[in-house]
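The domain 'Formyl transferase N-terminal' feature in TrEMBL is assigned to 12-192. Taken from TrEMBL, the feature N(1)-(5-phospho-beta-D-ribosyl)glycinamide binding site applies to Gly22, Ser23, Asn24. Per TrEMBL, the feature (6R)-10-formyltetrahydrofolate binding site maps to Arg75, Met100, Arg101, Leu102, Ile103, Asn117. TrEMBL lists His119 with the feature active site, proton donor. The feature site 'Raises pKa of active site His' is assigned by TrEMBL to Asp155.
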Amino acid sequence: MKVLCDWRKLKMKCAVFASGNGSNFQALVEAFSNPKEGVEISFLFSDHKDAYALTRAENLGIKFFAFSPQDFKSREDYEEALVTLCQKEKVDYILLAGYMRLIYAPLLEAFPHRIINIHPSLLPAFPGRTGIEDAFKAGVKETGVTVHYVNEEIDSGEILSQVKVAIEEDDDLDSLAQRIHQAEHRLYASVVRQLSQAKGSKK
């Protein structure tokens, strides 16, 4: 008797959190579009109901949700709602992709060592929202991209992987940002794929 493999049961299910444009979200969806990939992007969450990332999700046929802390009585209630959502959708990992909020105890305790962020600098250098601009203005010769685990501090969790991006003499901020975003798209997918392979090897 021929046994068909249900790839969905073998996949590492991921939620992506994004606050804005969502280019890293789209890159992840496209990277794992092959049904035989070991990663499933289960849904997109945004804390901004007008974020372009939601339009990307709709166009890509990915389930999406949107609500903000202002919809709740407290920050804790907001995060508990996120925990409930992620547990209901049975995700293995939460991937932050331009999600502009700190993560606190409810999510960190529910998904220990399973929340990942990507940052556009070689951490610990140039943390925070303006990492690309800060590196450019500092006059350094190279910056880069970091993928790291998330804790309660800004951009300070354990580093999973980094890639360097040279700052060329003729770069302006836009050209540098474009190359960094391209590096982000490659590195994030690579790290997530490695995590899925490690997860699969433990089964």
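Backbone N, Cα and C define each Cβ position, glycine as well.
TrEMBL annotations: computationally assigned, not manually curated.
Within 10 Å of the C-beta atom of Arg75 ((6R)-10-formyltetrahydrofolate binding site) sit 13 other C-beta atoms, taking all shown protein chains into account. Counting only the Cα atoms, the space from Asp155 (site 'Raises pKa of active site His') to Leu102 ((6R)-10-formyltetrahydrofolate binding site) is about 9 angstrom. Comparing Cβ neighbour counts within 10 Å across the recorded positions Arg101, His119, the minimum falls on Arg101. Rounded to a whole number, the C-alpha distance linking Arg101 ((6R)-10-formyltetrahydrofolate binding site) with the residue listed as 'active site, proton donor' is 13 angstrom. A gap of 14 Å separates the Cα atoms of Ser23 (N(1)-(5-phospho-beta-D-ribosyl)glycinamide binding site) and Asn117 ((6R)-10-formyltetrahydrofolate binding site). A simple way to gauge crowding: the CB of Ser23 (N(1)-(5-phospho-beta-D-ribosyl)glycinamide binding site) has 18 other CB atoms within 10 angstroms, across all the protein chains here. Other C-beta atoms found within 10 angstroms of the C-beta of Asn24 (N(1)-(5-phospho-beta-D-ribosyl)glycinamide binding site) number 23, with every protein chain shown included. Predicted-model confidence for the domain 'Formyl transferase N-terminal' (12-192) is 96, expressed as mean pLDDT. The separation of the residue listed as 'active site, proton donor' from Leu102 ((6R)-10-formyltetrahydrofolate binding site), Cα to Cα, is 13 Å. Residue density at Asn117 ((6R)-10-formyltetrahydrofolate binding site): 24 other Cβ atoms are found within 10 A of its Cβ, drawing on all protein chains shown.
Proximity to Asn24 (N(1)-(5-phospho-beta-D-ribosyl)glycinamide binding site), defined by a C-alpha to C-alpha distance within 10 angstroms, is shown by none of the recorded positions Met100, Ile103, Asn117, His119.
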